[in-house]
Amino acid sequence: MLHIFLLFSLIFTSTNVLAQDFCVANTASGIVTPSGYPCIMEANVTSDDFAFSGLGVPGNTSNIISAAVTPAFVGQYPAVNGLGLSAARLDLAPGGVIPMHTHPGANELLYVVHGHITCGFISSANKVYLKTLKKGDVMVFPQGLLHFQINAAGKRPSLAIVTFSSPSPGLQILDFALFANDLPSSLLEKSTFLDDAQVKKLKGVLGGTG
């Protein structure tokens, strides 16, 4: 029994020695792996590295979608590196919309701070899950599924805070994926069932070519 006790003691001690509490990202390294960025030296980490003030600043909603997203991903908030979470602020002016999009790398949880936000996502079986949220409500959006948020009925701005299950959730906006590239219009027309005028109009609005 003594040798078993000593073995477990050795394993426990080794695990504690090798355990790492955090890995504040060295974003200046230019090295990114599937597991994240390399760490800056712990001796150079300060309390300021673990705090982020960006979500307290309203985003500029004077744009084509009347909305703004302020991210607190690993690129803006290096302390979340390797911790499996991140956050963002959503500002939606009346009529503002976060267009249909997906996060390939994370689940999303949205919390409404004030206002009303109509949210929805589409499952892989093409079933729509739609809900209008009010202050204090939350809604979850499973990883990789198309979803959106819109301040459709509100006469005042709406604000939400979202959290993600990854420091780098990724983002692909459907409209931009389709019409903000150089894919030939003839192929888009065949694959989307839109006519030439509609495709050219959307490419013109979103900056696409071809």
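From the backbone N, Cα and C atoms, a Cβ is placed for every residue, glycine too.
Here's what TrEMBL has on this protein:
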- 1-19: signal peptide (SIGNAL)
- CYS23-CYS39: disulfide bond (DISULFID)
- 53-200: domain 'Cupin type-1' (DOMAIN)
- HIS101, HIS103, GLU108, HIS147: Mn(2+) binding site (BINDING)
- HIS103, GLU108: oxalate binding site (BINDING)
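HIS103 (Mn(2+) binding site): 22 other CB atoms within 10 A of its CB, across all protein chains. In sequence order, THR102, PHE121, PHE141, LEU145, LEU146, PRO169, LEU171 are the residues of the same chain, not among HIS101, HIS103, GLU108, HIS147, whose CB sits within 8 A of the CB centroid for the Mn(2+) site.
Here the domain 'Cupin type-1' (53-200) has a mean pLDDT of 95 out of 100. Counting other CB atoms no more than 10 Å from each candidate's CB, the binding-site residues HIS101, HIS147 peak at HIS147.
Annotated pair HIS103 (Mn(2+) binding site) and CYS23 (disulfide bond), C-alpha to C-alpha distance, rounded: 23 Å. Distance from the CA of CYS39 (disulfide bond) to the CA of HIS147 (Mn(2+) binding site) is 33 Å.
Taking only the Cα positions, the spacing between HIS101 (Mn(2+) binding site) and CYS39 (disulfide bond) is 31 angstrom.
Residue counts for the domain 'Cupin type-1' (53-200) under DSSP (helix as H, G, I; strand as E, B; rest coil) come to 25 helix, 55 strand, 68 coil.
CYS23 (disulfide bond) sits 23 Å from GLU108 (Mn(2+) binding site), taking the C-alpha atoms as the reference points. Listed in sequence order, GLN20, PHE22, CYS23, VAL24, ALA25, ASN26, ASN81, GLY82 are the same-chain residues six or more apart from CYS39 (disulfide bond) with CB atoms under 8 A from its CB.
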